[in-house]
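According to Swiss-Prot, the Zn(2+) binding site annotation covers CYS15, CYS18, CYS37, CYS40, on the basis of sequence analysis. Here Swiss-Prot flags PRO120, THR121, GLY122, SER123, GLY124, LYS125, THR126, LEU127 as ATP binding site, drawing on sequence analysis. Annotated domain 'ClpX-type ZB' per Swiss-Prot: 2-56, in sequence order, evidence recorded as sequence analysis.
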Amino acid sequence: MTDKRKDGSGKLLYCSFCGKSQHEVRKLIAGPSVYICDECVDLCNDIIREEIKEVAPHRERSALPTPHEIRHHLDDYVIGQEQAKKVLAVAVYNHYKRLRNGDTSNGVELGKSNILLIGPTGSGKTLLAETLARLLDVPFTMADATTLTEAGYVGEDVENIIQKLLQKCDYDVQKAQRGIVYIDEIDKISRKSDNPSITRDVSGEGVQQALLKLIEGTVAAVPPQGGRKHPQQEFLQVDTSKILFICGGAFAGLDKVISHRVETGSGIGFGATVKAKSDKASEGELLAQVEPEDLIKFGLIPEFIGRLPVVATLNELSEEALIQILKEPKNALTKQYQALFSLEGAELEFRDEALDAIAKKAMARKTGARGLRSIVEAALLDTMYDLPSMEDVEKVVIDESVIAGQSKPLLIYGKPEAQQASGE
């Protein structure tokens, strides 16, 4: 096709679709006996884009994975936490099934399945949420509950969470309404006591109150992209009842609250069961027995707990689990560093005793899987600094002494004869 203003006879040309003359448009594209202007081309593009948007949800509906498939995918990236994976798989499946079929089924209204994850630092709470969003191909954003305050106070408003989600999907409201929001450190907004306070608690109970409607489902008014620069623009209306909220926290001390309830409820006097010290449950076993009343005693308000009906507890990772995390998942830490070293033409080998030493160090720090990267990074720092300037390094070997800081990694060089032969 060619861009024409006039035909060979000098006759005025018109768009075959909208009828505008060549003087009323910027471009007029000629085909066999027909013409189309740039405005009609733009209009056609808009129509096609709208049709693609309408077709996309139907594709998503047919692609909803089953709980078994969700669990299997989580197994590829997250080690252990079997019960938490099962709980998450069912809750996420039910949530998106609810969206697919509408809020009602046979006249029965389907409630939201927002999730509360309870587990120590580095046990995989954030990774589980991220992996779910990646599997389902939905927008995902994280928020830190400690930065949130009630509207009108210094800090971040809860509505900013929805704005972040919109940013992740280029302000496409329909996409955002199918997204996942992970709110971390939710235990840090517990009120100071389990009795209602007459004083203002803008970063504790106040934030819980502010989050209530957002998590349960409301229409949040969010300024559009560049909203502050263009205050005359209308706000975007986002229905949060379709967004899956996952809240997570370490809840340090919750095990003691549960233990007190369990021991108090076991009875006193001659008929009571006397437990030896050795029979005391571990922290993970206690957290698995969590009840709403325990969370209320911890400092969450009853209304907030009611908006998080699905509770999954995660155990503290064992030394064996940390070793598995280092080498087994698809994006395992050792695989990541091996890929980095391969870009420099060198092979990176972690000996088994090195992995044991890394896991022991992380256990001592009580940072869970989160502390593994900093330990490996410290051990490899000097090598990663020097390697790009070095020649002929074929292999780097990491053993226990390197992790302990007692020696440097073993560097294995290529044979000089091979270099000379290649040079000839």
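For all residues, glycine too, the Cβ spot is worked out from N, Cα and C.
Positions of the features from Swiss-Prot, shown on the structure.
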residue	record	Cβ contacts under 8 Å, 6 or more apart
CYS15	Zn(2+) binding site	SER21, VAL25, LEU28, TYR35, ILE36, CYS37, GLU39, CYS40
CYS18	Zn(2+) binding site	CYS37, GLU39, CYS40
PRO120	ATP binding site	ALA250, GLU283, LEU314, GLU316, LYS366, GLY368
THR121	ATP binding site	ALA250, LYS366, THR367, GLY368, ARG370
GLY122	ATP binding site	LEU317, ALA362, THR367, GLY368, ALA369, ARG370, GLY371
SER123	ATP binding site	GLN81, LEU314, ASN315, GLU316, LEU317, GLY368, ALA369
GLY124	ATP binding site	VAL78, ILE79, GLY80, GLN81, ALA84, LEU314, LEU317, GLY368, ALA369
LYS125	ATP binding site	LEU117, GLY119, ASP184, GLY248, LEU314
LEU127	ATP binding site	TYR77, VAL78, ALA369
Taking the Cβ of CYS37 (Zn(2+) binding site) as the centre, count every other Cβ atom within 10 Å, in any protein chain shown. 24
Check the DSSP secondary structure of CYS15 (Zn(2+) binding site), expressed as helix, strand or coil. coil
If I restrict to non-local contacts, at least six residues apart, and a C-beta distance under 8 angstroms, what lies near THR126 (ATP binding site) in its own chain? MET142, TYR182, ASP184, GLY248
Within 10 Å of the Cβ of CYS40 (Zn(2+) binding site), how many other Cβ atoms can you find? Include all protein chains, please. 18
